[in-house]
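**Student:** Here it is, the structure in full.
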Number of protein chains: 2
Amino acid sequence: MSFGLDNLPYGVFSRPGEPRRVGVRVGDQVLDLAAALGGDVYAAPSLNPLLALGRAAWQETRARAREAAATGDHLIPLAEVTLHLPVEVADYVDFYASLEHASNLGRMFRPDDEPLKQNWRHLPVGYHGRAGTVVVSGTPIRRPCGQRPSFGPSQKLDIEAEVGFVVGVPTRLGERAGAFEDHVFGVALVNDWSARDIQAWEYVPLGPFLGKSFATSMSAWITPLDALEEARVEGRSQEPEPLTYLRRQAPWGLDLTLHVELNGETVSTPSFRDMYWTPDQMLAHMTVNGASLRTGDLFASGTVSSPGQPGSLIELTWNGAEPVKLPGETRTFLEDGDTVTITAWTSHGISLGEVSGRILPAT
Amino acid sequence: MSFGLDNLPYGVFSRPGEPRRVGVRVGDQVLDLAAALGGDVYAAPSLNPLLALGRAAWQETRARAREAAATGDHLIPLAEVTLHLPVEVADYVDFYASLEHASNLGRMFRPDDEPLKQNWRHLPVGYHGRAGTVVVSGTPIRRPCGQRPSFGPSQKLDIEAEVGFVVGVPTRLGERAGAFEDHVFGVALVNDWSARDIQAWEYVPLGPFLGKSFATSMSAWITPLDALEEARVEGRSQEPEPLTYLRRQAPWGLDLTLHVELNGETVSTPSFRDMYWTPDQMLAHMTVNGASLRTGDLFASGTVSSPGQPGSLIELTWNGAEPVKLPGETRTFLEDGDTVTITAWTSHGISLGEVSGRILPAT
């Protein structure tokens, strides 16, 4: 991974005995932004104060960080720092924006019915997840217990490879969001761990709850939108045409390829380019009812599945019926000790870092 | 409303030109806790620092507040203060714990099916709501727009009369909550405003989203559990017997009667005593998968409906088919300018204050 001067993602780091502060990744080093640029905003234990400043300040910070990085000063080897959750997450919303993912799950769970529910092509279906259990990449994931419907450790522990969007500029209650780039600071990789057996029993009629709330992992590095300019693409064509408030004003599809690795083996490479609903549409939908945004809100795309390249094991193994082959073994769902790492790259070579987690046995 | 020395609920207030701080309601006055007791905890703009201290500190604060209130010093007339959102809400979870409410909605929406889904008697069904749009009682509520499925202002704007529980003491990720009274600080009244037409179109398969996320109102006063000792009752009998982790360890049913007023007329008086799932069971369920609690988490009961006394208009009017009579007019769902006020009392005369809101027209 290069992380050159055209990338410069933001994170929060600390050195032993020192407080958390904001850094920018440059190659395998961290630019200490508080030391390089000065100011309370960068000495904060999360990106939230920077997020709240808005687009002009984000662009100025990025220009100054690039200059500072070029000097070679205030750079600390990654090996010497601990990375922390970069954002104090306000509300966490998860969408369901992949046509392939929604269709696959529909086919599996409602084989006698249309795979897509009637509303799916009319709005980006979404729900609120648990903000308090969003953890930084590298945090071990404890296998959850629950009703499956008999009580015990989940036997269908799964991943969801997703792309997340971090909100900087808030709105007031009753107000709709403006342009995507005026509110959204940047992009994270997200793994929305899912206990499929718990979820299947509990989710009717109010949606997923404990099957998801035990943990959601996000990457330590947030890639600013400005680093992704060259990756912007038109969104996938939509039929029927969305209502006025959902119409795209600018291309906010992103040409990103995700790499899902299970114990070091790549098992799928879905493309974010194939998503049916684009993130600008998600933002417009989320606020059309007047719901306000807060600095630190995180909304994620839902599982990114492309034709033949699904972003979850339930799809990859067709609910366990077709195990995936790994060297010397197979997998249906996750076993204790398994490590899942999701990376993503633009076709121009910008890395979105990684989101990784290892499964601990249930207690 | 008396608000005597046996009650003493907590809130956050300010006087013009002065910062927000913690107060305790005494009759029609506010005891300025920062002035009376000193300390940064009470000078805070939310109850969260006090919430984080835990039960021993809550009890000590209550004893000192009672002594201070008896002196008559540091009391400010309610008319001179503004009341604010008392809690910085971390995650907001809403349950669906009334047998009558869940059965009524099942009968209305799935007339050919069993009213209750198969899971309902096995676990307290719940979901995450939007924490960022929880507002204090008195905040005007803007009628939301959305897909119904045609786009426009909601034509089925409804209330949900609920009882909410405020978490003080957090847990670590992977850990289950301990005893109810060791985590939960106190009780609020909640109105979970609901746009039934938006909700009905969007909620399959991931649950309510924009039909609820535009606003949730909570009372300005949080009644500490210690003020409700005499109201504690055994919970309603449950069949089948819940799994071990859901078994009640102590009586945390509450003998509270809610009064739902629409434009000053009482339209329903449901009892919290009739709830099928008790709040200790909700807490145990919410954390059985290892999901952590944070200080400021709010979980609400879902609509409190008793036999013949529903806590929502959709039940009271049977989805609009049987309008409710008010002096000189009728209502099916809420009209612009309507005011809904929910109050609650224990049978021993402890008031839980009120949660109130007036509907503004859509923009």
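Glycine is no exception: its Cβ is also placed from the backbone N, Cα and C atoms.
Straight out of TrEMBL:
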ACT_SITE  A:His101  active site, proton acceptor
BINDING   A:Asp94, A:Glu160, A:Glu162, A:Asp192  Ca(2+) binding site
BINDING   A:Tyr96, A:Arg110, A:Gln199, A:Tyr203, A:Thr303  substrate binding site
BINDING   A:Asp192, A:Lys212, A:Thr216  Mg(2+) binding site
DOMAIN    A:7-86  domain 'Fumarylacetoacetase N-terminal'
DOMAIN    A:93-354  domain 'Fumarylacetoacetase-like C-terminal'
**Student:** Could you give me three numbers for the domain 'Fumarylacetoacetase N-terminal' (A:7-86), the DSSP helix, strand and coil residue counts?
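**Tutor:** Summed by class, the stretch gives 31 helix, 21 strand, 28 coil.
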**Student:** For A:Tyr203 (substrate binding site), what is the tally of other C-beta atoms lying within 10 angstroms of its C-beta?
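**Tutor:** I get 22 for this one.
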**Student:** Could you check what DSSP calls A:Thr216 (Mg(2+) binding site) once collapsed to helix, strand or coil?
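**Tutor:** Its secondary structure by DSSP: strand.
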**Student:** Run a quick check on A:His101, A:Arg110, A:Glu160, A:Glu162, A:Tyr203, A:Lys212: which of these recorded positions have any Cβ-Cβ distance to chain B under 8 Å?
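**Tutor:** Listed recorded positions meeting the cut-off: A:Tyr203.
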**Student:** How many neighbouring Cβ atoms, not counting its own, are there within 10 Å of the Cβ of A:Arg110 (substrate binding site)?
**Tutor:** 13
**Student:** Quick check on the binding-site residues A:Gln199, A:Thr216: which one has the highest count of other Cβ atoms within 10 Å of its Cβ?
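**Tutor:** Counting Cβ neighbours within 10 Å, the top one is A:Thr216.
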**Student:** Around the Ca(2+) site (A:Asp94, A:Glu160, A:Glu162, A:Asp192), what further same-chain residues have their C-beta within 8 angstroms of the site's C-beta centre?
**Tutor:** A:Gly129, A:Ala161, A:Val190, A:Asn191, A:Ser194, A:Lys212, A:Thr216, A:Ala300, A:Ser301, A:Gly302, A:Thr303
**Student:** Near A:His101 (active site, proton acceptor), which residues of its own chain have a C-beta under 8 A away, given they sit six or more steps off in sequence?
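**Tutor:** For A:His101 (active site, proton acceptor), the qualifying residues are A:Gly302, A:Thr303, A:Val304, A:Ser305, A:Pro310, A:Gly311, A:Ser312, A:Glu315.
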**Student:** Other than A:Asp192, A:Lys212, A:Thr216, which residues of the same chain sit close to Mg(2+)? List them in sequence order, counting a residue when its Cβ is within 8 Å of the Cβ centroid of the site.
**Tutor:** A:Asp94, A:Gly129, A:Arg130, A:Glu160, A:Val190, A:Asn191, A:Trp193, A:Ser194, A:Ser213, A:Ala215, A:Ala300
**Student:** Should any of the binding-site residues A:Asp94, A:Glu162, A:Asp192, A:Lys212, A:Thr216 have a Cα within 10 Å of the Cα of A:Gln199 (substrate binding site), which are they?
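**Tutor:** The binding-site residues passing the 10 Å Cα test are A:Lys212.
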**Student:** Quick one: Cα separation, A:Asp94 (Ca(2+) binding site) versus A:Lys212 (Mg(2+) binding site), in Å?
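**Tutor:** Cα-Cα, rounded: 11 Å.
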**Student:** What kind of secondary structure is A:Glu162 (Ca(2+) binding site) part of, going by DSSP in three states?
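**Tutor:** In three-state terms, A:Glu162 (Ca(2+) binding site) counts as strand.
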